[in-house]
Amino acid sequence: MEFKRIFNTVHDIINRLCQHGYKEYIIPPESTTPVELMEYISTIVSKLKAVTRQDERVYRCCGELIHCRINLRSVSMETWLTSPILCLTPRVRQAIEGRRDEIRRAILEPFLKDQYPALATLGLQSALKYEDFYLTKLEEGKLESLCQFFLRLAATVTTEIVNLPKIATLIPGINDGYTWTDVCRVFFTALACQKIVPATPVMMFLGRETGATASCYLMDPESITVGRAVRAITGDVGTVLQSRGGVGISLQSLNLIPTENQTKGLLAVLKLLDCMVMAINSDCERPTGVCVYIEPWHVDLQTVLATRGMLVRDEIFRCDNIFCCLWTPDLFFERYLSYLKGASNVQWTLFDNRADILRTLHGEAFTSTYLRLEREGLGVSSVPIQDIAFTIIRSAAVTGSPFLMFKDACNRNYHMNTQGNAITGSNLCTEIVQKADAHQHGVCNLASINLTTCLSKGPVSFNLNDLQLTARTTVIFLNGVLAAGNFPCKKSCKGVKNNRSLGIGIQGLHTTCLRLGFDLTSQPARRLNVQIAELMLYETMKTSMEMCKIGGLAPFKGFTESKYAKGWLHQDGFSTISYLDLPWCTLRDDICAYGLYNSQFLALMPTVSSAQVTECSEGFSPIYNNMFSKVTTSGELLRPNLDLMDELRDMYSCEEKRLEVINILEKNQWSVIRSFGCLSNSHPLLKYKTAFEYEQEDLVDMCAERAPFIDQSQSMTLFIEERPDGTIPASKIMNLLIRAYKAGLKTGMYYCKIRKATNSGLFAGGELTCTSCAL
């Protein structure tokens, strides 16, 4: 019966493709077994892939066919519950087994009727990402179904939440007298409608006995010798990497001048890390990575900046598998600005571990101590500030590393006083700000809110109330993940227990603006940009406070010593723009009175992986290209900008004219600017500019405008285009960093993406992608 239903669905999709004019690509299905039908689907999709460049209807139909293939590979509920490979935890399995009929009636049947059709028609990339990556591969080539996938996540969180007094009643739509199934249905629906998109480790491992569920791990082993650093790397770092977590590790304390007996210092440790990452990723479908944090006064700074790509000086110490981030004090930019204003002989001094106290300081305390150490002659060498700046920019542009973060902004706007015990680094993707030390890791559990699901139809508008409810649900969901999660080592468990840090981000900001008819950097879009951030921070903090006030839970450890307990809110450190009349004063008083269950709330991460299942733009970034192309082992994978394709179909009722426009776009790498020249501000296609065509200053300013309400940080990538002669404007990149510094941002540069002048379809400056934090 199930095979016949799927066969009929395939037949209906094939008929639609024929009606769209693609009969010559198709042989009608005559398959008599599931295996034959799966092979048939694979053949048809392979034939039609190239056509998706011109017809979004084919792209969506191919996605539906892949969903049929997923259904052909799926197993019964009984087989799924008892699968040794899936290995559900006993609590989750028992919770589902005891309510199977109730779950089927109240959750699964409504999903298949109401939500699944929209999910199945999102597109080819979405379907393939679920099939290849997120759905658990079971015995004999079988696959977890989408019903089972969403149920695993929702049931795991529900099982934890219903055991917390009164917490479930904080979920929108849940009242006193609720049942386990009521709560599970809310989470299931939020996941199935893609309102909440959990991080990759959560989707892969939550509810299972195997795998760790956190995305980001921050470490500072405080290693002052190579031996101690090696022990830290082969211990905790290796353990986390094998659990597929991404690592940000501060190695600033390993700051030795080379001697006869110790000639390589930090370089040798970086090489060990590089080899470890390469080995762990060599047989893994989900690669992870490491970002090493040092401050720009480290004695090995210039050597570290020559360990990747074409800048490598010594092949023995090539480290192309890891990244570096400069944890940069304000003093560096103050000196560079002094140089720009005409000051002569502006120097930057490098120190060894005799100046280790600088690692623990920030702000004025750092500056005064740095100046004193310079006067005392403890510097190892001095370099013209412009030479250091150029070396940093050249390395970022050519190799994609270093990233750059602002040490003082991160510490100044942290919820604890860190003077004398400063935060020393961030995570792999530069959006998490937590204190780590030799005894405790910083750990963050991530999820993003898909902004496109907050759009109301006819006429299209952004529903702030919907965002508010989703933000509240996400807080409860992630706290359930924290309670149920697996973590790879004791120091990670300690970090989770003490801080209960959440990292709630967004995805689909550009797509949302497109559907509203806004250019991403237009005034209406910039206003919405701030409203989204403010409402999310307010609602997440309010929900966390109510977990203490209404739910009776204890605040996070250290709350009484935190700035929160004294009435501080993150936006107090900024010149805040607000477009919403929210009762912040009342919330401030309530936090002082009742506390916060969680210590942190918002972190705007890249959503490279999960944005593929939602078919929307990544994070808060502009769309990179209106026709994304990726070559894989199975061939070229195309992902068109469906909003542009839909708009072209609406604009051109004549198919011949529409195809003519698409051919023009094809010849110009799908750039509307290159294809059609100077478009008027009111032209409907102007808003389809890509990341490299936006003024980067506007994108930095948008990050700055929402920064007061982002209590962690934002993975801000810069998109730079080569000049026609193939040169990269280093001053352009440096000016953007200065702009970010002056705006008080915490992250100045995640990736620096360079588009080649010779081929506008190519990127450079960082080909590796983090899928740990990238959701």
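Note: Cβ is positioned from N, Cα and C throughout, glycine not excepted.
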Legend entry - Residue from G245, G246, G567, G573 that Swiss-Prot also lists as binding substrate with T200, S215, C216, N427, L428, C429, T430, E431, P606, T607, V608, S609, S610: G246
Inset, instruction - Please report the DSSP secondary structure of T200 (substrate binding site), reduced to three states. - result: helix
Inset, instruction - Using the structure shown, find which entry in T200, S609 (the binding-site residues) has the sparsest Cβ neighbourhood within 10 Å. - result: S609
Inset, instruction - Among C216, T607, S609, Y750, these being the recorded positions, pick the one whose CA is nearest to that of C444 (disulfide bond). - result: C216
Inset, instruction - Tell me the Cβ neighbour count for C429 (active site, cysteine radical intermediate), meaning other Cβ atoms within 10 Å of its Cβ, over all protein chains shown. - result: 33
Inset, instruction - Please find, for T200, S215, C216, G246, N427, L428, C429, T430, E431, P606, T607, V608, S609, S610 as listed binding substrate, the greatest distance between any two Cα atoms, in Å. - result: 19
Legend entry - Spatially closest candidate among C216, C429, E431, the listed recorded positions, to Y751 (site 'Important for electron transfer') (Cα to Cα): C429
Inset, instruction - Select one residue from C216, C444: among these recorded positions, choose the one with the most other Cβ atoms within 10 Å of its Cβ. - result: C216
Inset, instruction - Starting from the Cβ of T607 (substrate binding site), draw a 10 Å sphere and report how many other Cβ atoms land inside it. - result: 30
